[in-house]
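Features as listed in TrEMBL:
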| type | residues | note |
| --- | --- | --- |
| TRANSMEM | 133-154 | transmembrane segment |
| TRANSMEM | 160-178 | transmembrane segment |
| TRANSMEM | 206-226 | transmembrane segment |
| TRANSMEM | 232-248 | transmembrane segment |
| TRANSMEM | 260-280 | transmembrane segment |
| TRANSMEM | 292-312 | transmembrane segment |
| TRANSMEM | 339-357 | transmembrane segment |
| TRANSMEM | 363-382 | transmembrane segment |
| TRANSMEM | 403-421 | transmembrane segment |
Amino acid sequence: MGSAKQLLLGLSSRGGKIGVPSPHLHGVPCAFKSSASEKLSRSWQANSSLNLSCGRSPLERFPRKLSFDPLTVWFVQNGRHMPPLSSFQVEVSEAAVDAPEEVAADEIQSGEVEEVEEEKLSTATLLWRAVKLPIYSVCLIPLTVGAAAAYWQTGVFSGARYWLMLWSSVLVITWLNLSNDAYDAETGVDKLKKESVVNITGSQKGVLWAAFACLVVGLAGLITGASQAGDNRVAALLVLAISCGYVYQCPPFRLSYKGLGEPLCFFAFGPFATTAFYLSQAQASAGTILPVTSSILGASVLVGITTSLILFCSHFHQIDSDTAAGKLSPLVRLGTEKGAKVVQAAVIGLYMILASLTVTRSLPLSCLVFSLLTVPIGKLVIEFVQKNHTNKQLIFMAKYFAVRLHAAFGLALTLGFSLASKLPLPA
């Protein structure tokens, strides 16, 4: 290491302080200062019995074993009293270090290691996180499950209306994501969130204008689809769903800051959106108006639970920033340990409700059969959150595991409805 950069390990005791140079820096002097201001100067020797063993992981890159035989010999030879070593404590101070893998202990304790990793994120990774493409399943699943439930009851599927509703819903979700970043920028809750669209573009107003442009176009498409169905309930339910999204994040409401995000999410994407998309498959030309049955209500409840679980899991890694901004998310109120138990209860409850709806014949047996195939994913969500709920560097992945469960469970319901009349299963 050809520079004056040093990593010094200060070993402080009652009697004084020993300054020991990095094991990489041979020939660098170190000094001992005792309570009597006595000084020792010597050179670091490669065959010294002072052993600093370092591991490879970040938490093991610090001294683990210390032997002071050379110092003991020096004190004995010079007739000096050896300070007690039992009370030595290891401190790490760094002027600069040549080896890039060396990380100071105080950096790990303060969480700065995570920040260093965040700084290394590529532009592509930041854009991927900003787009939040997996989250768009929250518009795909309600629409698809609703259309499949309508097909199960009527045997009719309007592909043109399905695609119109889908792309319009994508624009509405884009509004939700962009406006959420724009309004969170006002409160400062996303100040350190590198994947925030506002932080990437540097324009809060520009993001907000783009968000509401998406909302206007998306809402126009949804209203067009509702008019084609000839059922005013479609438009009413969709407006209610979008209103939930507005009061969730937009001023002066910002109900998500009061911990009401999950209930709003449940109703918006569950009973409101899923039922609306089910009703949108009605054939106005044939004069058919679909009834709201226990089947579609039960399916919408299941969709609402899996969607809300995504939002709940997204709070685990944001507790510190939410707390600083005064955002009382469920995880801020509960803590991560209780939050992990809520995730477990939600996943288990999901399958219990599914079984109950099947027993009461609100859902066809095929929905239960296909949905049981998603149990390993539900188990994965529970185990991951329970194991990593305190790990700030990993727990952000919980929401993506929840997205997998949401998508897989929605696909299972879709297959169950679509194939109910074709599979050789008892009614």
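Positions of Cβ are set from backbone N, Cα and C atoms, glycine also.
Just so you know, TrEMBL annotations never went through curation; they're auto-generated.
Counting Cβ pairs closer than 8 Å and at least 6 residues apart in sequence, the transmembrane segment (133-154) and the transmembrane segment (260-280) reach three or more and so form a contact.
Take the transmembrane segment (232-248) and the stretches 160-178, 206-226, 260-280, 403-421: counting Cβ pairs under 8 Å, 260-280 has the most.
Residues of the same chain lying 6 or more positions beyond the ends of the transmembrane segment (160-178) and with a Cβ under 8 Å from any Cβ of it are 132, 135-136, 138-140, 143, 147, 197, 207-208, 210-212, 214-215, 217-222, 224-225, 228-229, 242, 245, 249, 273, 277, 280-281. Same-chain residues lying 6+ beyond the ends of the transmembrane segment (206-226) with a Cβ under 8 Å from its Cβ atoms: 161, 164-165, 167-172, 174-175, 177-179, 181-183, 185, 197-198, 232, 234-235, 238, 242, 276, 280.
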